[in-house]
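**Q** The structure under discussion is supplied below as structure tokens; questions concerning it will follow.
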Amino acid sequence: MSRPRIGVLALQGDTREHLTALREAGAESMPVRRRGEIDAIDGLVIPGGESTTMSHLLLDLDLLEPLRARLADGLPAYGACAGMIMLSSEILDAGANGRQALPLRAIDITVRRNAFGRQVDSFEGDVDFAGLDGPVRAVFIRAPWVERVGAGVQVLATAAGHAVAVRQGPMLATAFHPEVTGDRRIHQLFVDIVAGRG
Ligand code: GLN
């Protein structure tokens with residue numbers, strides 16, 4: 001597969017930057033809002049945004065179970081920030097007032113929502129990322145961190161003593177937002193995973 005078709009879940013959040021980043025990394029990219037579109041893609045990006053809102057939109061649109069099934073079936077996925085929360089198996093501080101973030105259970109990790117936010121809302125810094133030459137500028141915006149990593153999960157980057165980037169087979173997740181920096185290496189890694197080269 002030379003030019004995979006990768007969807008960006010476009011219910012809520014920063015969809016446009018991911019569509020651009022994926023194109024620049026050599027993929028065909030398209031927004032995904034409907035069930036038929038989920039069946040027509042080779043890989044899926046779940047962007048940052050608000051995981052509680054995204055979860056409820058998935059429920060309202062009857063997309064939660066179809067998406068879970070497609071991921072369980074091996075559809076490669078990359079989640080950034082809220083997207084990492086969505087791809088996890090278990091969410092701590094999942095929400096309040098009846099608005100809960102609902103895990104898609106594609107990666108065997110436990111995440112804590114807004115984990116860094118207790119100290120400071122947003123920050124950025126350089127992190128080493130396994131397999132990439134040179135550090136990645138990581139922008140954290142009310143970001144989660146990973147509190148438990150399952151046996152089959154590879155930790156690719158850490159910050160403040162916690163995993164902030166992980167991979168499990170064709171599933172990739174970062175607690176930070178590579179789409180806002182212009183550095184396309186993480187999107188390139190995902191395009192290569194989808195194309196069977198990564
Ligand atoms: N705090 C948000 C959530 O819980 C994530 C923030 C982000 O995606 N930038 O979903």
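Any Cβ shown, glycine's included, is placed from N, Cα and C.
Below, the features straight out of TrEMBL:
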BINDING   Gly49, Glu50, Ser51, Arg113, Ile141, Arg142  L-glutamine binding site
ACT_SITE  Cys81  active site, nucleophile
ACT_SITE  His177  active site, charge relay system
ACT_SITE  Glu179  active site, charge relay system
**Q** How many other Cβ atoms are found within 10 Å of the Cβ atom of Gly49 (L-glutamine binding site), counting all protein chains shown?
**A** 21
**Q** From Glu50, Ser51, Cys81, Glu179, which recorded positions have a C-beta atom under 6 Å away from some atom of ligand 1?
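**A** Once distances to ligand 1 are taken from each Cβ, Glu50, Ser51, Cys81 fall under 6 Å.
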**Q** Which residues, in sequence order, are found in the same chain with Cβ within 8 Å of the centroid defined by the Cβ atoms of Gly49, Glu50, Ser51, Arg113, Ile141, Arg142 at the L-glutamine site, excluding those residues themselves?
**A** Gly48, Cys81, Ala82, Ile85, Asn114, Ala143, Pro144
**Q** Between Ile141 (L-glutamine binding site) and Cys81 (active site, nucleophile), how far is it from one CA atom to the other, in Å?
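**A** That comes out at 8 Å between the alpha carbons.
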**Q** I need the least crowded one of these recorded positions (Glu50, Glu179), counting other C-beta atoms within 10 angstroms of each C-beta.
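**A** Across Glu50, Glu179, these recorded positions, the one with fewest Cβ atoms within 10 Å is Glu50.
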**Q** By the DSSP assignment reduced to helix, strand and coil, which category contains Arg142 (L-glutamine binding site)?
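**A** Going by the DSSP assignment, Arg142 (L-glutamine binding site) belongs to neither helix nor strand, so it counts as coil.
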